[in-house]
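A.B. asks: Input: one structure, supplied below.
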Amino acid sequence: MKESDMLIIKVPASTANLGPGFDSIGMALNLYLTLEVERADKWEVIPLSEEMASFPKDESNFIIQIAMKTAERYNQELRPAKIGVKSEIPLARGLGSSASAIVAGIELADVLGNLNLSRQEKFAFASEIEGHPDNAGASVFGGLLIACQTADSVDAVVSHDIDFEIVAVVPRKELLTKEARGVLPEEVTFQEAVTAGAVSNVLVAALYSGNYDLVGKMMKNDRYHQPYRRELVPHMAVIEEHAPQYGAFGVALSGAGPTILCLTKPGAAQGLIAGLQKVLPDMDYLSLEIDQTGSKVYSMTGI
Ligand SMILES: Nc1ncnc2c1ncn2[C@@H]1O[C@H](COP(=O)(O)OP(=O)(O)OP(=O)(O)O)[C@@H](O)[C@H]1O
Ligand SMILES: N[C@@H](CCO)C(=O)O
């Protein structure tokens with residue numbers, strides 16, 4: 001990065017799991033965390049949207065901490081910068097806000113430290129920090145991602161060809177991922193694991209073959225996490241009951257919740273929102289698309 005540059009880092013939100021793809025499937029969404037980065041004599045974070053005002057304004061800010069950790073991994077020290085931060089991603093609602101902040105920090109280290117990281121390197125480090133690759137991978141690559149993280153490696157297949165309309169039903173109250181992971185069992189039986197894996201396999205095959213009715217059925221049939229998290233998200237059953245009549249073919253918990261993800265047939269999103277507002281008026285409704293680009297960095301001159 002040159003002294004006079006103002007760089008923009010733009011990272012998409014994401015939804016994870018799509019039901020049975022627990023800690024494995026992610027999809028990038030067109031809501032963004034944006035950083036405006038300029039060289040400075042000391043670290044400074046300027047909140048440019050309301051929710052960002054609650055975070056530290058110095059180098060203890062999470063995004064800067066991630067940037068420093070990334071630089072350290074590559075034996076670099078970062079010179080400070082002034083960073084304007086704005087976000088359209090609701091916090092702790094199951095739309096990948098923490099993963100987008102991690103990816104933004106890695107992108108920040110990449111530009112400030114001239115690290116020249118590949119997308120795979122950014123994906124691997126973001127997944128390591130987040131602990132699972134679904135949200136992090138979607139934020140890095142965009143599109144629909146099927147990923148697998150083991151102790152030795154993290155691998156993903158990313159598709160930019162799959163597309164459908166999305167409605168996110170967002171409760172006004174936060175649910176931290178830590179709490180929603182706390183209700184999951186420590187063990188399942190071998191037979192349960194086999195069935196849960198089979199449901200996930202059919203979901204992926206149905207997604208790739210465009211069999212959206214089967215996609216919806218598999219989203220609902222998840223055995224890994226939704227049965228345990230239902231008690232935290234009572235609005236989910238209401239949406240499952242009413243959404244199909246307004247054109248949704250699939251309903252699932254978005255990430256760890258509490259947002260509910262509805263996938264709709266083309267042109268059905270507005271009707272779905274109007275229909276659901278009648279039964280659940282106290283929710284926010286977002287009509288969204290898949291982000292097919294992933295995280296990107298550009299200068300104010302548009303390069
Ligand atoms: N831009 C940001 N700057 C600093 N911290 C952030 C930022 N975005 C998210 N966080 C941190 O991440 C927390 C939310 O992470 P959490 O994993 O609980 O939910 P989520 O990522 O929004 O949802 P999910 O993981 O289910 O998709 C926030 O409470 C905050 O501590
Ligand atoms: N796969 C994760 C996504 C949320 O971070 C979960 O469901 O807990």
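Cβ from N, Cα, C; glycine included.
The following feature annotations were taken from TrEMBL:
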- 61-143: domain 'GHMP kinase N-terminal' (DOMAIN)
- PRO90, LEU91, ALA92, ARG93, GLY94, LEU95, GLY96, SER97, SER98, ALA99, SER100: ATP binding site (BINDING)
- 204-281: domain 'GHMP kinase C-terminal' (DOMAIN)
A.B. asks: Quick check on the binding-site residues SER98, SER100: which one has the highest count of other Cβ atoms within 10 Å of its Cβ?
C.D. replies: SER100
A.B. asks: Taking a cut-off of under 6 Å between Cβ and any atom of ligand 1, tell me which of the binding-site residues PRO90, ALA92, GLY96 pass.
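C.D. replies: Checked binding-site residues vs ligand 1; flagged ALA92, GLY96.
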A.B. asks: So if I draw a 10 Å sphere around the Cβ of PRO90 (ATP binding site), how many other Cβ atoms end up inside it?
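C.D. replies: There are 20 such Cβ atoms around PRO90 (ATP binding site).
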A.B. asks: Find, among the binding-site residues listed as GLY94, GLY96, the one whose Cβ has the highest number of other Cβ atoms within 10 Å in the structure shown.
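C.D. replies: Most Cβ neighbours within 10 Å: GLY96.
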A.B. asks: Given the recorded ATP site (PRO90, LEU91, ALA92, ARG93, GLY94, LEU95, GLY96, SER97, SER98, ALA99, SER100), which additional residues of the same chain have their Cβ within 8 Å of the Cβ centre, ordered by sequence?
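C.D. replies: The answer, listed by sequence position, is ALA13, ILE89, ASN135, GLY255.
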A.B. asks: List every residue in the same chain as ALA92 (ATP binding site), at least 6 positions away in sequence, whose Cβ is under 8 Å from its Cβ.
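C.D. replies: For ALA92 (ATP binding site), the qualifying residues are GLU174, LEU175, LEU176, THR177.
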A.B. asks: If you run through the domain 'GHMP kinase C-terminal' (204-281) with DSSP, how many residues end up as helix, strand and coil?
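C.D. replies: In the domain 'GHMP kinase C-terminal' (204-281), the DSSP-based counts are 45 helix, 11 strand, 22 coil.
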A.B. asks: For SER100 (ATP binding site), what is the secondary structure by DSSP, using just helix, strand and coil?
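C.D. replies: Reduced to three states, the DSSP call for SER100 (ATP binding site) is helix.
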A.B. asks: Take every residue in the domain 'GHMP kinase N-terminal' (61-143), average their pLDDT values, and give the whole-number result.
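C.D. replies: Overall, the domain 'GHMP kinase N-terminal' (61-143) comes to a mean pLDDT of 97.
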